[in-house]
Amino acid sequence: MKSSLVVYVLGSSGSGKTNLLRQLSCMCESGTLQARPIHDAPTQGQEVHLLGIKAPQQKVLPRTVELREVGGELASLWERFIRSWENSIKDKEGVKPALIFLVDALSPHLLPMASVMFSRLKGSDGACRDWPTVVLLNKALAKNAMTEEELGFFLPVETCKNTQLFAVDSWNGLGLGDVMEWLISMAFSD
């Protein structure tokens with residue numbers, strides 16, 4: 001049976017969630033990046049994006065991945081959004097959840113909040129505790145961006161099961177291939 005993948009995309013306001021999703025969409029549709037990233041207003045509420053992902057093997061049909069972006073301003077409500085979604089699908093089989101958690105490499109002042117929210121989501125009773133997760137350190141190529149090592153002091157990614165960390169820069173494409181490979185592996189792991 002073919003399963004469907006639903007990925008929650010969470011991170012502080014201004015971390016680059018919308019731009020990341022736009023770039024991933026361009027990569028799926030045309031195989032290229034958007035030439036000029038757009039500065040977006042912060043996401044209000046939840047937005048659902050659909051990505052058509054091609055199979056690694058030619059004989060397998062593409063799959064649609066549902067990406068649910070919840071605004072950073074609603075961080076205190078993220079778990080409520082997730083629990084509500086889980087309740088809405090509890091009778092459906094074959095739905096796989098996953099998490100993309102963005103951290104803004106240019107906003108070290110937001111690390112304590114990011115650490116608390118990530119720990120809440122992935123902790124022993126967190127809504128995403130068993131979900132495959134990728135943490136994206138976004139804007140990694142910018143001058144004065146924090147490093148993965150620096151992020152590790154605040155966000156103990158290695159202590160969370162099923163969690164990977166990628167340094168990315170959604171404006172110029174750094175690491176987006178890794179994100180796409182992760183999405184493909186999640187979408188086609190039946």
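Backbone N, Cα and C atoms are what each Cβ position is placed from, and that goes for glycine too.
The feature GTP binding site is assigned by TrEMBL to Gly11, Ser12, Ser13, Gly14, Ser15, Gly16, Lys17, Thr18, Gly72. In sequence order, Gly72, Leu102, Val103, Asp104, Ser107, Leu110, Asn138 are the residues near Ser15 (GTP binding site), counting only same-chain partners six or more apart with C-beta under 8 A.
Listed in sequence order, Asp40, Thr43, Glu47, Glu69 are the same-chain residues at least 6 apart in sequence whose CB falls under 8 Å from the CB of Thr18 (Mg(2+) binding site). Summarising the annotation, TrEMBL assigns Mg(2+) binding site to Thr18, Thr43.
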Check: same-chain CB within 8 A of GTP site center, minus Gly11, Ser12, Ser13, Gly14, Ser15, Gly16, Lys17, Thr18, Gly72: Pro42, Thr43, Gly71, Leu102, Asp104
